[in-house]
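Enquirer: According to TrEMBL, the protein has these features:
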type: BINDING; residues: Q21, H122, N166, Y294, W400, E407, W408; note: substrate binding site
type: ACT_SITE; residues: E167; note: active site, proton donor
type: ACT_SITE; residues: E352; note: active site, nucleophile
Amino acid sequence: MTQTYRFPDGFLWGAATSAYQIEGSPLADGAGPSIWERFAHTPGMMVGGDTGDVACDHYRRYKDDVQLMKALGLQGYRFSIAWARVLPEGTGRVNQKGLDFYKRLVDELLEQGIAPNATLFHWDLPAALDDRGGWLNRDIAHWFAEYAEVMFKALDGRVQRWSTLNEPWVVTDGGYLHGALAPGHRSKYEAPIAAHNLMRASGAGIQAYRAHGKHEIGVVFNIEPKYPHSQSEQDLAATRRAHAYMNEQFADPALLGSYPPELKEIFGDAWPEFPADDFKLTQQKVDFVGINYYTRAVVKHDENQYPLKASPVRQPNKTYTETGWEVFEQGLTDTLTWFKDRYGDIPLYITENGSAFYDPPVAEAAVLDDPLRTNYLRKHLKAVHDAIQAGVDVRGYYAWSLMDNLEWSLGFSKRFGLYHVDFATQKRTPKATARFYTQVIESHGTALDD
Ligand code: BGC
């Protein structure tokens, strides 16, 4: 019998974005600055000197953008809330106009029959909180819960799926260990503390939800599976360290209430003894986990790589995306089955998956052909289907991203969108991948059949 890729009934098809990457107008209507506002305006931090000042101008064009979602046939839309729009100082005073923007967006989505999935923190920490130590200050767990509560009270009636954090690994690795992302610190002494406080904050947000919310809450991790370059003891140990550092460092405290032993090996004297009680906070019952998957890494031992002593090995004859990531769809199936084996049968969503390939700055056709991206989507959706067949409870898929946007410190140089954005005119043009995705949605996946 030929394979059919029909997905289970009720499987949710969506797309994702985040606030700083698309909204623009970051200081409008009384919003406070975020650490990304500061970082992007620091000379030398962003490719091309790009900033989120305008981005996709979604703050003003959100209604048109919801029409793009409708044209795609989306059933769900994952977006993030800019904390500093709602609480300009991070705590205390609520900025009603900031809150109103998200209310309008959610109303518009619901009117078009698209289920909102709101992420509370996708990296744009209020600058006022960074001034108080940001993720290094243990009080941030309470600050986050206060903000989360404001959002739950305002929107839980209409938003039925919430996530606390997006990709805490990127926040600590990019923001506190290597400095390529805001707030741009480089310290192995800070990174584990920031990571721990992120997971405490996520736990405190979930606790607040149990008191105020009635639907679903979870947390979103980027999982990048690690495969050994050789079977040598050194490469196997390096692979275990890389996996513990990137994947288990965050999922373990949230779902098992502990850290893997490799972290102490990696961080040495910089690895703190965390109070045992903290794990009561980090480990909360979640209704789902969101998994962002882009690529894998093949790992070898490398003395010079600080502090992991492990580095990735480029694979010959493989397709790499514009962000330098190998296209490796089997890694998504492996990730989903690994997650179930380690953490049990938790409902999972693919909350991000996508690829940057070159598209021209101006789209001249009515539909822009992007065969490499279409191929990536096709292969990864099949990989999700394989995991479902292997018994993993995957409930939905959000493509990254609805449209081309600000790829953080890489600026507008990398395009991940289903829709092309001409950043000079804000014109949106569907790519062939968007058309293909619509066929997949309409056919419940059978458009993937060979
Ligand atoms: C993030 C997105 C980002 C994407 C592509 C994820 O790390 O959540 O904000 O644009 O991957 O790099």
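Residue numbers in this text run from 1 along the chain shown.
Using N, Cα and C of the backbone, Cβ positions are placed for all residues, glycine too.
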Enquirer: Looking only at Cβ atoms, how many others are within 10 Å of the one on Y294 (substrate binding site)?
Expert: 24
Enquirer: Could you state the whole-number distance in Å separating the C-alpha atoms of W408 (substrate binding site) and E167 (active site, proton donor)?
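Expert: Per the Cα atoms, W408 (substrate binding site) and E167 (active site, proton donor) stand 14 Å apart.
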Enquirer: Given the substrate binding site residues Q21, H122, N166, Y294, W400, E407, W408 in the record, what is the largest Cα to Cα distance, rounded to whole Å?
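Expert: Largest pairwise Cα separation, rounded: 18 Å.
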Enquirer: What number of additional C-beta atoms lies within 10 angstroms of the C-beta atom of H122 (substrate binding site)?
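Expert: Neighbour count, Cβ to Cβ under the 10 Å cut-off: 25.
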Enquirer: Roughly how many Å separate the Cα of W400 (substrate binding site) from that of E352 (active site, nucleophile), to the nearest whole number?
Expert: 5
Enquirer: Are there any residues in the same chain, six or more apart in sequence, whose C-beta is under 8 angstroms from the C-beta of the residue listed as 'active site, proton donor', and if so which?
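Expert: Looking at Cβ-Cβ distances below 8 Å from the residue listed as 'active site, proton donor', excluding near sequence neighbours, one finds H122, W123, V220, F221, N222, N292.
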Enquirer: Fill in the CA-CA distance, the residue listed as 'active site, nucleophile' to E407 (substrate binding site), as an integer in Å.
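Expert: The Cα atom of the residue listed as 'active site, nucleophile' is 14 Å away from the Cα atom of E407 (substrate binding site).
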Enquirer: Can you tell me the three-state DSSP label for N166 (substrate binding site)?
Expert: strand
Enquirer: Just name the most isolated of the recorded positions E352, E407, going by other Cβ atoms within 10 Å of its Cβ.
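Expert: Sparsest of the recorded positions E352, E407 by Cβ contacts within 10 Å: E407.
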Enquirer: Please list, in sequence order, the residues in the chain of N166 (substrate binding site) that are at least six apart in sequence and whose C-beta is under 8 Å away from its C-beta.
Expert: S18, S80, T119, F121, H122, W123, V220, G290, N292, T351
Enquirer: Determine which residues of the same chain, besides Q21, H122, N166, Y294, W400, E407, W408, have their CB within 8 A of the center of the CB atoms at the recorded substrate site, and list them by sequence.
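Expert: So the additional residues around the site are S18, E167, E352, S401, N405, F416.
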Enquirer: Report, as a single number, how many Cβ atoms besides its own are within 10 Å of the Cβ of W408 (substrate binding site).
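Expert: Step by step: centre on the Cβ of W408 (substrate binding site), count other Cβ atoms within 10 Å, giving 24.
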